[in-house]
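> Dropping a structure here in structure tokens format, bear with me for questions.
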């Protein structure tokens, strides 16, 4: 994981829970899902996601101890701490991240009535509509923040026509009617999101399905081969077993048996390299055959991948 993203997440983890006045926050469960999906991004090319997440997600998820991670706490804007870092570092949101659930409320202070806060989303736009549509909200673009705790969603929908990285902007203003010292609060940030076309998504599904299938097949064949070897060794005669043990000692380079350790170690390394080459060749052949079958019947691979 890159340094700016790790720094931003640690700043998120250091934030305190929100209470009083205007509060806007993310829930822990949503952040866990986002972090897990970000681990599927390739470090070199965000348009070529991985089939398995990278390491390090468990450590970050283990640090998520708080239940709420505030964007606005007690009327004070905290989003600039980590959103600006994400924007400046150019971190790209994964293709699988399609929505964010945001919670908000205007809690009462010391028994006083709730603060009346009017919100207005003035700029929710995508700078590349051929890749990413304009962000959409599940609440009206203008209105009042509810006093009780509630939530809304910010939806990010890709066009799926072409693959690319699109930049989108979020511009929101909160106006306080009963705070003369601070009339409004402005939040404006830019983010980047990766989007894949329908054809690239299908290729990704087929690639991940074939990798998983071939890995399972090779493991099964290896277990069967090892089982047959054990059966042959158990059914062989005592003299045969003794000769096999002598051969194994010679291969290991046992000096007491007259073997030369240097020569045997080179031979072991050479055999190890040959086994790796054969294994890679089998994987490639299996994956090619699997993808050929998926191209002939793509619905079958999609159905199995969903299962």
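Backbone N, Cα and C define each Cβ position, glycine as well.
From TrEMBL, for reference:
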type	residues	note
COMPBIAS	215-232	compositional bias 'Basic residues'
COMPBIAS	239-285	compositional bias 'Basic residues'
DOMAIN	54-195	domain 'WIF'
REGION	215-307	region 'Disordered'
SIGNAL	1-19	signal peptide
> How does the model score the domain 'WIF' (54-195) in terms of mean pLDDT?
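In the predicted model, the domain 'WIF' (54-195) has a mean pLDDT of 82.
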> Helix, strand, coil residue numbers for the compositional bias 'Basic residues' (215-232) per DSSP?
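Residue counts in helix, strand and coil order: 18 helix, 0 strand, 0 coil.
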